[in-house]
Amino acid sequence: MTELLDLLRSPWPWYVGGPLIGLTVSLLLWLGNKSFGISSNLRHACAILLPDAAKPDFFRYDWRKERWNLMFAGGLILGGIAAGVLFANPESTRLSAAGAQAIQALGIQVRPGLVPVELTDLTHFGVWVLLAFSGLLVGFGTRYGGGCTSGHAITGLSTLQGPSLIATVSFFVGGILSANFLLPLFLAVIR
Amino acid sequence: MTNSHNMTGIHDAPASTTRTATGLLAYLFAGLYFGVVLVKSEATSWYRIQEMFRFESFHMFGLIGSAVVTGMISTTLLRRFGTRSRDGQIIAVTPKAKGWWRYILGGLTFGVGWGLAGVCPGPIFVLLGAGVWPMLIVLAFALLGTYLYGVLKDRLPH
């Protein structure tokens, strides 16, 4: 029994997780010819929440046709409960030696959990700023660029779309710059 | 055609209402599946994202790479064998609009956000499920960012 529980709690190697992620693309095509992408939900949420009078044209469309995507996002929350609470990995992420060292150099301890406590401790005002700024860029950038990791890097690349290659390269350039330069700067200021 | 017909039950047979509901439920399960995979493969781990952007581990590259290859093979097979979708449509992928600026500038903006809190849109929802409540701040501001794009859209290069 405990062995089964241990198995359910343990993380999966990339060669198991990666193919299972990739299968989502064809699963959604088969379920109803849907193009896999999660960031569109942010647009649907705006279309639902904004009062009609204050709605920019970008949010005037029939979001009810995209209910499937909102259901998918609801499923993600359930997945988080299942794998992140009920069968949460009790151990810390097994980083490479260099990775663990780099994170400690940022002043962050590697502990069990998906996000370090240092970045979710809301008693620090700087944490609010970091989360808000990150969210703002994610929301703005995914709509401007027309997709996120699931829509461009996974779906777009696997269906050989040129625009998705440009977008994915840009995601990585942005991410490399922010993780290596902007984040250390941020952490030095907020801590 | 409108949903109000379903409510009154005049035009649509109950079967079609049930079908829509079970159809939507299938996407809930697909989301549950994907959410579990994201956590178990550690794609929602802030630590793994940092490791990836510093090129200190193969894990995330293997994950994304094998996902793309699997997606490529499975969609090719679906089309090659002329498989229909569950509701009988021919499988077709909507092509992304052509362009450069929006993909470069939008991609860079998203990438910078991704590297900071370590979350792309999927993990925002997954982490909320996992009880990481501060993600509500990320979500609220992601909605604000989306709204801002809607407002500024016509003034941006695409």
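The backbone N, Cα and C atoms fix where each Cβ goes, glycine too.
Among residues of the same chain six or more beyond the transmembrane segment (B:21-39), those with a C-beta under 8 A of the stretch's C-beta atoms are 86-87, 122-123, 125-126, 129-130. What TrEMBL lists as transmembrane segment is B:21-39 (among others).
Within the same chain, residues 41-43, 48-49, 51-52, 91, 93 sit at least 6 positions outside the transmembrane segment (B:59-79) and bring their C-beta atoms closer than 8 Å to a C-beta of that stretch. Taken from TrEMBL, the feature transmembrane segment covers B:59-79 (among others).
Annotation source TrEMBL lists transmembrane segment at B:100-126 (among others). Within its own chain, the transmembrane segment (B:100-126) has Cβ neighbours under 8 Å at 34-35, 38-39, 43-47, 49-50, 53, 135, 138-139, 142, 156-158, counting only residues six or more beyond its boundaries.
Annotated transmembrane segment per TrEMBL: B:132-152 (among others), in sequence order.
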